[in-house]
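Annotated features in TrEMBL:
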{"type": "DOMAIN", "residues": "564-656", "note": "domain 'DYW'"}
{"type": "REPEAT", "residues": "86-120", "note": "repeat 'PPR'"}
{"type": "REPEAT", "residues": "152-186", "note": "repeat 'PPR'"}
{"type": "REPEAT", "residues": "250-284", "note": "repeat 'PPR'"}
{"type": "REPEAT", "residues": "318-348", "note": "repeat 'PPR'"}
{"type": "REPEAT", "residues": "349-383", "note": "repeat 'PPR'"}
{"type": "REPEAT", "residues": "420-450", "note": "repeat 'PPR'"}
Amino acid sequence: MKPLSRFKCYSIILPAIPVHLSLPSISLRHPRLYYVGATELRTNPRVSSSNLLDIVNAFTAYCYQRDLPNAMKALDSMQKHRLWADSITYAELIKCCIAYGAVKQGKRVHQHVFSNGYEPKTFLINTLLNMYVKFNLLDEAQILFDQMVERNVVSWTTMIAAYSNAELNSRALEMLIMMLRDGVRPNMYTYSSVLRACKGFSILNQLHCCIIKVGLELDVFVRSALIDIYSKWGELQAALNIFDEMATSDLVVWNSIIGGFAQNSDGDEALNLFIRMKRSGFWADQSTLTSVLRACTSLALLELGRQVHVHVMKFDQDLVLNNALLDMYCKCGSLKDANDIFAHMIVKDVISWSTMIIGFAQNGYSRKALNLFNTMKASGIKPNYITILGVLFACSHAGLVEDAQYYFKSMKVLYSIDPGREHYGCMIDLLGRAGKLEEAMKLIHEMKCEPDAVTWRTLLGACRVHRNMDLAEYAAKKVLSLDPHDAGTYILLSNIYANTQRWADVENLRKSMRDGGIKKEPGCSWIEVNKQVHAFILGDKSHPQVNAIYRELNQIIWRLKEEGYVPDTNFVLQDLEGEQMETSLAFHSEKLAIVYGLMSLPKGKTIRIRKNLRICGDCHVFAKLLAKVENRSIVIRDPIRYHHFEDGACSCGDYW
């Protein structure tokens, strides 16, 4: 005789059963009890139905109470007596396993619900799929998925999202194609997941067309995902077009568009969108404020960042926001504010520590950065790739060759971190600054990854400092072979030629630039005054107060000359004579911005400048002397680091 199939005590009519296979009575008050295999009860005549019900009820209670140890003990007892609970209860247990990271117990649940002929519902299998995905066990998830008799949209979407999150983009797209062939229609969650797997505009455009065809382009999740992916690929106008297609009534979409511009360093537009959002009646959440802080960081808008800080205080001790605040204050050159935030953080993760270490290093406080690194290790936080990069940067900008070599050689042994291009770049920069150009070249040849244009450009900069013409030309050719339109390399090599009076070579380089349509990026400096950003460019006279600024600058230069200032004409790239060379230096953008700051900001207020090109040596000397004469603090942030000028000295120690 065939054994009985499983049955619910409240939903199935029992067939006629021979006398020798009699079953104990079943109470209708216990809907979660399942039996499989009537012979099991026959071989255990002393087990009463009330005891069986107690086992299942206890198991159910433990699952809902998230009591994992006792739930697993009850599960073993259920397995022994061939008892099963309902899918919802098992789902609660699986969620408990996920919460505790209990991989072994999760697999045990999987084994139980498939044992002795029990056939779990698709809902429960999907929950198991999600568990394996959360545990990053994609192979196990795929095996379970392949065994499914029935796969619904949740099953497919779970796998597609898993592969997208793991950046296995091709696999995610393959799963979407298989899903369509299987006759399952993707939903908004499917498309929002697979969009992250787009590897190029061709695939992105095809997916976008599919989304429009099925009418999901206005769904909040899909719309947000479209904005995110177009922003990721730098297509900000396309992202903005999607955003402007209709009135936005969801904060998620606002956060996507603001975050997209902030992540692409378009801080101006990110802040404009934030203002639009506020005027539309939306309240900023953590995600919004994180993006706005990033925009303030990219523009070095310290005062605006402080205003955002007030809003951040509403989200007490939010780690992500605190880390964003740290980054903003560090990159705006306000180490005191950053240090205060860091000191009051109850929870600090590796990002918090790394941000402060890099902040100290970039602002010229290398020893503080290294001391903080030692404190971090003592606190039990394990350094990551970025932490070591900050440590090497600190060594590089303080000339600590031996320290850097120790950290570089031990990072793999002590922290299991493989050196990347950025780590090699720091070491090459350090060796180059120290005049150890041969060692720098040797390290380049030892790199496990192929040297890129940035690596060779770093060596080229060191050659300029130490006037090694042969190696400079070699490094420049390497850069231009990898990036033929790199204007910076032409300018740097031109600077080297100019310093050695090789004007014919300077002219040949300029001719090559003209023939190739390569244009030098003009030097530009920005300063924030009364919540407005003022930009200055060499030779540009569009500022409404330009005449007053030029008059004040000329007066300041004469005053500084009385204090010993001598314009350093080594930083003039043109073949000019005496006064012409000094005039060329006088109106560099950072000098104009500093003078405007002196004219516009209250006495005692720190002058903060951001510029797009590295500060030249003459402007560096100018700022040091001016800070002393005017008794003012001047902070200049260039693409490499931060310079804090006070009382005739700079935080970089003239080593930049």
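Yeah, the Cβs are placed from backbone N, Cα and C, and that goes for glycine too.
TrEMBL does not curate its annotations; it predicts them automatically.
Each residue of the repeat 'PPR' (318-348) gets a DSSP state, and the totals for helix, strand and coil are 23 helix, 0 strand, 8 coil. Broken down with DSSP, the repeat 'PPR' (86-120) shows 25 helix, 0 strand, 10 coil. Panel annotation: around the repeat 'PPR' (250-284), residues 220-221, 223-224, 227-228, 230-232, 234, 236, 239-240, 243, 290-292, 294-299, 301, 304, 311 of the same chain, lying at least six beyond its termini, place a Cβ under 8 Å from a Cβ of the stretch. Sorting the repeat 'PPR' (250-284) by DSSP state (H, G, I as helix; E, B as strand; all else coil) yields 26 helix, 0 strand, 9 coil.
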